[in-house]
Amino acid sequence: MNSGLPSDAYDLPSPVEQARKIELRRRILASGYMLIFAMAITGAMAVMALTDGEMVMSGVLFGIAGIILGAYVAINLLGQSGKTPVLVGLLLVVLYFYLLLSGGVKNTGLMWAVTLVPGFINLYGYRTGTATLLAIGGATALILFYPEFPGLTAEYDTSYRARFLAVFGALTALTALLDSSRHQTQQLLHHLTEELEARASTDALTGLVNRREAYRAINELERRDHQMHGRYTVLIGDLDNFKAINDEYGHSFGDRVLRDVAQVLQENTRVGDIVSRWGGEEFLILLPNTDLDGGGILAEKLRQRVEALSDTYEERVKVSISFGVAEGGAHDDTHGELLAEADERMYRAKHHGRNRVVAV
Ligand SMILES: Nc1nc2c(ncn2[C@@H]2O[C@H](COP(=O)(O)OP(=O)(O)OP(=O)(O)O)[C@@H](O)[C@H]2O)c(=O)[nH]1
């Protein structure tokens with residue numbers, strides 16, 4: 001049974017998928033900027049240390065700048081991936097702890113933490129970013145307040161340590177708050193976009209795919225057809241004497257018939273098939289990987305099932321449908337010609353007495 005809009009029938013990325021890809025690209029881009037920034041600052045600090053005669057510090061900082069440069073070049077040569085932000089984060093953490101322990105140039109190393117906070121939240125989002133920063137903050141508190149922590153050569157006085165931790169915590173909280181509201185707005189936008197997409201592609205009365213979406217699917221099938229030399233078939237079905245049904249039993253009964261017919265069409269087609277409401281009482285069914293013979297057999301089955309609907313109503317109504325069938329895949333045809341052919345066959349079915357299938 002075909003239970004609605006097939007996800008694999010035509011795989012254009014949805015706006016939400018596109019937004020997610022953009023978000024990942026943004027993070028990878030942010031990683032690149034962070035590396036360039038870290039390299040520039042570390043290089044500048046190395047030069048300052050050199051001019052102050054702090055040869056060891058200068059050498060280490062030049063070394064770190066070199067590693068960052070190497071990472072930047074490697075990432076660009078090997079191609080950026082979702083793992084890039086993790087690698088960049090690791091490098092930045094190593095640099096941070098080195099500066100914390102050594103004090104950096106003139107004991108200004110801790111200032112690096114100011115860029116670490118927005119940087120991490122930008123790289124990992126507010127949840128993972130905040131968790132990572134809390135872990136870094138905890139480790140920093142341990143290093144700063146553990147009596148004679150091994151490896152801590154920098155000298156910070158007690159109020160400086162306490163103030164640093166308070167600023168680090170406040171900065172993390174504020175940045176996380178800002179990013180979480182950005183995240184919520186983004187989620188809301190994703191949700192609204194999905195809803196709008198669904199509404200814009202669905203027929204409100206029958207729940208079938210609408211004409212706009214059917215066109216999109218035909219374009220996609222046509223594109224695949226050219227690429228993969230596949231074939232597909234279209235059925236155009238039009239309810240017979242529907243005006244008379246409306247006139248005799250009322251518009252809301254007509255609506256009920258339309259819904260029932262839509263359900264019959266969906267229940268008797270495959271998941272990859274696309275059943276759309278093409279117009280008022282007209283339906284278009286797209287059958288990927290199906291030839292004219294297969295399409296004709298299905299159309300005949302659908303015709304019989306629609307006819308059988310008549311017995312399900314208390315009203316003495318006769319519901320029937322006429323189908324025109326045409327096959328795509330003659331590679332010089334455009335879908336315009338294909339639809340015109342199916343339409344012309346459907347009108348011939350009407351002309352020859354209705355409630356029938358014409359496939360040649
Ligand atoms: N109830 C209802 N009727 C609709 C809807 N959309 C279109 N119609 C009606 O469908 C009828 C179509 O009439 P016609 O185009 O004359 O076709 P027909 O009476 O089915 O005759 P043939 O197609 O020649 O068999 C019109 O009366 C439209 O008002 C709808 O959403 N609900």
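From the backbone N, Cα and C atoms, a Cβ is placed for every residue, glycine too.
No curator has checked TrEMBL annotations; they are predicted automatically.
Features reported for this protein in TrEMBL:
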| type | residues | note |
| --- | --- | --- |
| TRANSMEM | 28-50 | transmembrane segment |
| TRANSMEM | 56-79 | transmembrane segment |
| TRANSMEM | 86-103 | transmembrane segment |
| TRANSMEM | 133-149 | transmembrane segment |
| TRANSMEM | 161-178 | transmembrane segment |
| DOMAIN | 230-360 | domain 'GGDEF' |
Intrachain neighbours beyond the transmembrane segment (133-149), with Cβ under 8 angstroms and 6 or more residues off its ends: 93, 96-97, 100-101, 113, 116-117, 120-121, 156, 161, 164-165, 168-169, 172, 176
Within the domain 'GGDEF' (230-360), residues counted as helix, strand or coil by DSSP: 63 helix, 28 strand, 40 coil
Positions whose Cβ lies under 8 angstroms from the transmembrane segment (28-50), at least six residues beyond its ends: 57-59, 61-62, 64-65, 68-69, 71-72, 75-76, 80-82, 84-85, 87-88, 91-92, 95, 104-106, 112, 115, 119, 122-123
Across the domain 'GGDEF' (230-360), average pLDDT on the 0 to 100 scale: 94
